[in-house]
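Chemist: Sharing a structure with you now.
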Amino acid sequence: MSKQQIGVIGLAVMGKNLALNIESRGFSVSVYNRSSSKTEEFLQEAKGKNVVGTYSIEEFVQSLETPRKILLMVKAGTATDATIQSLLPHLEKDDILIDGGNTYYKDTQRRNKELAESGIHFIGTGVSGGEEGALKGPSIMPGGQKEAHELVKPILEAISAKVDGEPCTTYIGPDGAGHYVKMVHNGIEYGDMQLISESYFILKQVLGLSADELHEVFAEWNKGELDSYLIEITADIFTKKDEETGKPLVDVILDKAGQKGTGKWTSQSALDLGVPLPIITESVFARFISAMKEERVKASGLLSGPEVKPVTENKEELIEAVRKALFMSKICSYAQGFAQMKAASEEYNWDLKYGEIAMIFRGGCIIRAAFLQKIKEAYDREPELDNLLLDSYFKNIVESYQGALRQVISLAVAQGVPVPSFSSALAYYDSYRTAVLPANLIQAQRDYFGAHTYERTDKEGIFHTEWMK
């Protein structure tokens, strides 16, 4: 019997859909799932396709041509380690494991090192696009040994999303680079979603827009600079009616946002690297505070503040101001995310190509947006650009739109409407463009109570003052 070209372990939604995607591009596939009933179920769905079901790890490994290419689609963490351990006795030198799960990049770095000692290649691969993307074409971010990537590259390119005929996948860098970039992608996604939700809140609470009007506004925004998957689906969300009440479905959804922790990982890494990531971090905190529903309801009856009074005049001008505020904040958020990737690349010697990363984000993934082309062009102009805000294209926009962001935040603050990520974006912009910040006082305080020393503006050296004298 001929051997299959690639194997997939794990037949939950993402694994199943990736297996079908791979087969649809002309590759033969073996599958294995810990529970055989899942395998049977999948084989029924894949009837007539070039897919072989296996019922033990040994049978699965033996069904594959060498060097074996195995895609792991199991739960991140201990389940991935357990699966790798069960595979190892059956693998041979130069076999390739591809981890397509939502894995923490430090776990990928560890596994890469451990498996290299056994002669096994390990490719930690970020996959974005959800259930539909897995089936029709996701954005794929592989990291690991470059020579191993060359062997799986034809498969990854074939199954990825395409934009202008270009595959939305590229070699990201060594060891944990692929999963790191996917993690930052998810952090940017948190920022995008929070900024959109704050825009919605202002339009609904302060401007009093109905669901139908909100649909029209977001659909119109999606035709211009904000053209993106998240704006597109937001416009669609406002058209959906609840079958039970007849109300817009969004109005009966509980305001408690869930999360899987990847936004938190992004913020933790930024803290470790000493990189400012306020918008994304504020977006993570916003989800935390949203989860405190009972406490917030109690506080709403005890703590006073401005009463929201819908604005009735100059609505069109204010809607345009919110659009500009959203786009400027989005630029600041991406600037922070790409600056974090730059810091990580320098820390871990990954040599990330930021323009290429922007290009593969254009299709298949959740943050896909037209303006990613502009990010790519910015890095074409200056491959080692310190911050996107310093690129001429983005500099001109933020300078032009900052007035709108200030106006929208002022309006929200006056009405008592929380806009933590908008406020964070403006504070970041103002801090970044300020040559002299009040950190001199912080250094004086640190030296006062802890003798932590300080530097001076007028001469070289490290200084300490006896403040109590």
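Note that Cβ sites are derived from N, Cα and C of the backbone, with glycine treated the same way.
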Chemist: Given that Swiss-Prot annotates Gly10, Leu11, Ala12, Val13, Met14, Gly15, Asn33, Arg34, Ser35, Val74, Lys75, Ala76 as binding NADP(+), state which candidate in Asn21, Asn50, Asn102 belongs to that site as well.
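Modeler: NADP(+) site check in Swiss-Prot: besides Gly10, Leu11, Ala12, Val13, Met14, Gly15, Asn33, Arg34, Ser35, Val74, Lys75, Ala76, the record includes Asn102 out of Asn21, Asn50, Asn102.
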Chemist: So Swiss-Prot lists Asn102, Ser128, Gly129, Gly130, His185, Asn186, Tyr190, Lys260, Arg446, His452 for substrate; which of Arg68, Arg111, Arg287, Arg433 goes with them?
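Modeler: For the substrate site that includes Asn102, Ser128, Gly129, Gly130, His185, Asn186, Tyr190, Lys260, Arg446, His452, Swiss-Prot also lists Arg287.
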Chemist: Which has the fewest other Cβ atoms within 10 Å: Lys182, His185, Arg287, His452, the recorded positions listed?
Modeler: His452
Chemist: Please find, for Asn102, Ser128, Gly129, Gly130, His185, Asn186, Tyr190, Lys260, Arg287, Arg446, His452 as listed binding substrate, the greatest distance between any two Cα atoms, in Å.
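Modeler: Greatest Cα-Cα span of the listed binding residues: 49 Å.
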Chemist: Do you know which of the binding-site residues Asn33, Ser35, Asn102 has the most other C-beta atoms within 10 angstroms of its C-beta?
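Modeler: Highest number of other Cβ atoms within 10 Å: Asn33.
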Chemist: Starting from Lys182 (active site, proton acceptor), work out which of the binding-site residues listed here (Asn33, Lys75, Asn102) have their Cα within 10 Å, and give them in sequence order.
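Modeler: If one measures from the Cα of Lys182 (active site, proton acceptor), the binding-site residues that come within 10 Å are Asn102.
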Chemist: Which one is it: of the recorded positions Met14, Ser35, Lys75, Glu189, whose Cα lies the shortest distance from the Cα of His452 (substrate binding site)?
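Modeler: When the Cα distances are compared, Glu189 comes out closest.
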